[in-house]
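Have a look at the structure below, then the notes.
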Amino acid sequence: MDYYDDTLNDHERFERRQLAQDRDRRRQGVLSIDEQRAAQIVRALREQHIVDVQPEGQLLIHTPTGTKFEDDRALVYFHRGWQAADDSDS
């Protein structure tokens with residue numbers, strides 16, 4: 001075994017990437033979200049305490065990661081990606 005060979009887990013990373021791409025293809029409807037739908041999703045995420053609002057800067061904060069957003073749609077797309085990555089890790 002070569003301790004300097006960082007390609008040992010390439011097949012696992014490749015497989016995870018393929019599974020994520022397959023999942024994304026099945027969720028084609030998720031990829032196009034209008035402003036109204038994004039606002040509904042953000043409200044639901046706020047109720048679940050996944051999103052917090054910073055009133056002074058009018059920013060939305062994705063609580064699990066601390067990432068800040070100015071736009072509902074950007075936050076929703078980010079959260080969906082974060083959720084997919086989190087699901088693939090389990």
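Glycine is treated like the rest: Cβ placed from N, Cα and C.
TrEMBL entries are annotated by machine, without manual review.
Annotation source TrEMBL lists domain 'DUF8069' at 2-89.
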Within the domain 'DUF8069' (2-89), residues counted as helix, strand or coil by DSSP: 55 helix, 11 strand, 22 coil
Mean of pLDDT values spanning the domain 'DUF8069' (2-89): 84
